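**Q** So TrEMBL lists the following for this protein:
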- 129-160: compositional bias 'Basic and acidic residues' (COMPBIAS)
- 22-66: domain 'N-end aminoacyl transferase N-terminal' (DOMAIN)
- 272-410: domain 'N-end rule aminoacyl transferase C-terminal' (DOMAIN)
- 129-189: region 'Disordered' (REGION)
Amino acid sequence: MAFWAALSPSIVEYFEGEDFYRCGYCKNESGSRSNGMWAHSMTVQDYQDLIDRGWRRCRPLQFQPSKSHKKVLKKMLKFLAKGEISRGNCEDEPMEPAMEDAVAGDFGLINKLDIQCDLKTLSDDLKESLESEEKKKGKSSKKEESNELSRSQDIEEKLGSGEPSHSVKVHTAPKPGKGADLSKPPCRKAKEIRKERKRLKLMQQNPDGELGGLQARREPSFCPPKAKSNQPKSLEDLIFESLPENASHKLEVRLVPVSFEDPEFKSSFSQSFSLYVKYQMAIHQDPPDECGKTEFTRFLCNSPLEAENPPNGPDCGYGSFHQQYWLDGKIIAVGVIDILPYCVSSVYLYYDPDYSFLSLGVYSALREIAFTRQLHEKTSQLNYYYMGFYIHSCPKMKYKGQYRPSDLLCPETYVWVPIEQCLPSLENSKYCRFNQDPQAVDEGRSQEPDRLQVLYKKVVMPYGVYRKQQKDPSEEAAVLQYARLVGQACSERMLLFRS
């Protein structure tokens with residue numbers, strides 16, 4: 001900890017919240033109010049502690065890619081290997097997942113139980129059918145053979161259709177105008193029908209018709225398990241799958257420190273800026289005068305974070321970085337990230353709209369999660385991936401909840417709560433206290449405001465000393481509000497600039 005003390009302290013200015021104004025996410029005309037700070041300089045430890053008082057995080061070490069995540073990774077691999085382009089499901093927002101994962105995430109347990117019950121029912125029906133046929137073996141009339149053939153075909157149709165099969169009966173076609181023909185399968189998606197046929201095939205391969213034997217052999221795609229392992233592929237396996245020597249494209253991800261003193265950042269600045277302008281104008285419809293070089297530099301290049309390289313930290317050090325995605329020698333996306341003592345914080349992403357078919361928002365998030373896991377191997381305390389604010393009522397921000405396991409921060413007690421426990425409350429109210437313990441309080445709250453550090457006229461002093469020199473009553477209210485938001489530890493380490 002002596003290393004942190006040797007660094008220059010963070011210097012910040014605090015700006016009180018103004019009147020309520022229009023929220024850009026929920027579109028409520030009075031749905032937003034901001035309290036902010038301008039950081040002249042900021043240590044990575046102070047920034048880590050500040051974002052731990054207001055954001056959400058994903059747990060990358062336990063992260064497993066969802067079905068739609070895997071589709072995005074496979075789509076990228078096909079494009080790199082063969083140049084295949086899939087334009088069927090281009091994303092509108094940078095990291096928005098497919099709707100199917102929103103359902104799968106919340107109802108995974110129900111789906112699992114449904115599959116088990118369905119397999120058991122199919123097993124019982126098939127067994128009952130076979131026993132019935134055995135009893136009729138002694139009768140060999142053509143009529144009976146015809147009936148058995150009809151019954152067998154009807155069973156196959158019913159199992160293949162996927163409709164509930166608590167009892168298997170032979171249905172006769174109704175007369176015209178008298179209702180649906182129950183002997184025929186209902187209209188279903190081809191994908192669902194294929195899944196049910198694969199289930200049937202597995203049932204036929206299992207002579208005992210027992211559920212236990214089926215489950216031991218069932219894979220997510222209903223194919224026999226691989227000889228080496230029945231474990232699902234890891235995120236890294238999916239991302240770094242080997243490409244053929246004659247691959248159509250080459251993708252390289254470069255981590256570049258955000259500093260004009262860094263030669264790689266400086267040499268790629270012009271191309272990165274041009275990409276930013278193209279993205280802002282195409283995706284966010286920004287006018288050209290709002291996405292100039294000055295705005296870009298202030299927004300994504302002038303970071304107040306002080307770069308640090310402690311001996312127990314990652315090889316790249318801590319600070320602000322641009323993760324550049326180079327495709328065939330050209331930048332097609334840039335992920336702006338901060339690497340902090342306990343996390344990788346995702347700040348922004350901009351990409352070439354011409355490559356929207358690659359779902360670069362989702363792809364970059366998965367790459368950043370994998371990168372966090374890589375950093376953890378060297379720096380064990382670096383465990384988390386932060387994606388910023390979570391707004392449950394806004395589809396543009398709600399997608400973040402699909403990267404699980406993840407946690408939301410209780411806005412009153414500042415403890416992390418698994419998102420699954422928060423969702424029922426968020427369905428009922430836009431603002432919620434996630435900590436269910438009514439006695440719990442913010443353990444890091446400001447309890448001794450006089451110990452808060454102030455920088456006044458180039459002199460550092462405790463707030464208790466500074467307060468005696470001030471006569472403006474509104475000054476105290478603003479300082480106390482600042483102390484409440486940043487907490488006791490940060491208020492004692494950071495210097496609050498007052499003029």
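Cβ atoms are placed via backbone N, Cα and C, with glycine included.
Keep in mind that TrEMBL annotations are predicted by a computer and have not been checked by a curator.
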**Q** Which whole-number mean pLDDT does the model give the domain 'N-end aminoacyl transferase N-terminal' (22-66)?
**A** 84
**Q** By DSSP, what is the split of the domain 'N-end aminoacyl transferase N-terminal' (22-66) into helix, strand and coil residues?
**A** 11 helix, 11 strand, 23 coil
**Q** What is the number of residues in the domain 'N-end rule aminoacyl transferase C-terminal' (272-410) that are helix, strand and coil, as DSSP sees it?
**A** 56 helix, 40 strand, 43 coil
